[in-house]
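Annotated Zn(2+) binding site per TrEMBL: HIS251, HIS255, GLU274, in sequence order. Summarising the annotation, TrEMBL assigns active site, proton acceptor to GLU252. What TrEMBL records for TYR339 is active site, proton donor. Under the heading domain 'Peptidase M1 leukotriene A4 hydrolase/aminopeptidase C-terminal', TrEMBL lists 418-564.
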Amino acid sequence: MAAQGLSPGDPSSFARPDEAEVSSVSLYLDVDFERKVLCGKVDLTVDKKKAEVTHVLLDSKDLNIIKVTGHGSGQVLEFSVGENISTLGSKLEIKLPSTTEMRLMLSILYETDVNSSALQWLPPEQTAGCKHPYLFSQCQAVHCRAMFPCQDTPSVKVTYTAEITAPPELTVLMSARRVGIPTIMPGGLKLHKFEQPVPIPVYLVSIVVGHLESLKIGPRSHVWSEKQYVEKAAYEFAEAGDRSLADVVAHEISHSWTGNLVTNRNFEHFWLNEGFTVFVERKILAKLYGEKARHFSAIGGLKDLKDAISALGENSPLTCLVPDLRGISPEDAFSTVPYEKGHTLLFHLEELAGGPEVFDPFLKAYITKFKYKSIDTDDFKKFLYEYFPNNSLLKEVDWKEWLFKPGMPPVIPKYDTSLQEVCTGLCIKWMEWDAVAGGPCPFKPDDINNMSSGQVREFLAQLLEENPLSVTKLQTMENTYKLNSMGNSEIYFRWLRLGIKGRWKEQVDRALEFVVAQGRMKFVRPLYRDMYDWEDVRDKAIAVFKSNKSKMMYLTAYTVAKDLHLES
């Protein structure tokens, strides 16, 4: 992937906000389910940074740009769309009106492509209700440019408003406040209005359109879903099946501060979003369940990190905490590394600083210092040493080793292992059991019934690090624990991986059903990689992927295709 024409401040964007920066966005779009496009216009407020600037540079990907005019004046403006560069799309260069004003407004008439990488159009049969179509967007990391022309770099933050028309039986939601009550327009479509007054990177602009209902779960919170799932979702989110995946809810809530309020300047510094968010997420778990739960979650995260680094290669530059993304798509760099390696660094820094009672105030000061801003790792380091000017231990941190050396972190904290011990004991017992020798089975359902869901997950994760279990052992485990009936995706995912690694053919169809039903890359990618490594089922896995690729989110399909060696 060539890097020609890309921004010097962001290797994944064509924008030059140092010359002319977009500060606000207004969307006026019609949701066309028949054609599977969004069509309409976007108004951009552009602030020139220098009086002599004559053009504004935007990112665009597979958009049909029809016309660009000066907002209000109607003056038609010249524009050009550059060559398409892999996943990054094209540079959209617009000649600005000749004026002494430093703030300008542009109107861009356009429509999205039917194969927009930002949008997922589901036919009725793919929804729970099977009666109405469904649309949702996913713009992170670099796909907002496939939804509307913009400066698609996290170094730029914008406020936005939107007016969206859609079929009257459907609800429209966005990552913004709803304004007023939807109204029926001439022709029968319903108009929905939104406003987002907080400046955000455009990858956070999102839309969903479907036959949705909501339930209130808190003084300021509602959960939205299709009717068939809304009560289940409300139950899960109220404590956030078994309410065992509260860490996912805690993670996304934490992003309100780390990621959304304080944002990485570009995706080379993605750990500032995700490492910090995992760190805050686990602090929430500590408040809910105690400090041991925080340590236990970190232990599980290290296993995920080890697995990700093994898949990428221990010497892969993409396992660096701050990778060089010049000429590399952020999609290819996406992994657990910024999440877990970033968390490990922050936990280590907290220990060096003197513990949570010292580091928590720093964390609050960090968010206050950089709120509404986009920063890089040097900004973080500078503030760390300004806040702790006299801490000799922090001065000894080998930043080159932590940030730019591939592989596992140079220091692994000594986590509390007390919640892990029962998992380790059961793992050892299964590994040492001689299933061939006969005799009574030494295992019973209460082995895992008396564990938390997190401990069951850890038990299976430990087994995944060992030599593959025999099919006889796996069958005995299923007969004892009934793991094939497990409703917890984190547990079921690891159980399926154990079956594939043990070459248990009975589990292949279950694994394929799971990857078709699931959309999360953390589940789908490892299972597809496992099945690719099993030569007897490789072709079947590839065939299932190809037949379902069009129904998958763009990023998931893109990365799985690489995992299956279908794309270079």
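The backbone N, Cα and C atoms fix where each Cβ goes, and this holds for glycine too.
When the domain 'Peptidase M1 leukotriene A4 hydrolase/aminopeptidase C-terminal' (418-564) is classified with DSSP, helix, strand and coil residues number 109 helix, 0 strand, 38 coil. Listed binding-site residues: HIS251, HIS255. The one with the lowest count of other Cβ atoms within 10 Å of its Cβ is HIS255. Here the recorded positions are GLU252, GLU274, and the one with the most other Cβ atoms within 10 Å of its Cβ is GLU274. Checking the recorded positions (HIS251, GLU252, HIS255, GLU274) against TYR339 (active site, proton donor) with a 10 Å Cα-Cα cut-off leaves GLU274.
Just so you know, the Cβ of the residue listed as 'active site, proton donor' picks up 25 other Cβ atoms within 10 Å once every protein chain is counted. Rounded to a whole number, the C-alpha distance linking GLU274 (Zn(2+) binding site) with GLU252 (active site, proton acceptor) is 10 angstrom. Apart from HIS251, HIS255, GLU274, the Zn(2+) site neighbourhood in this chain, defined by C-beta within 8 angstroms of the site C-beta centre, holds GLU252, SER254, THR258, GLY259, ASN273, PHE276, THR277, VAL278, GLU281, TYR339.
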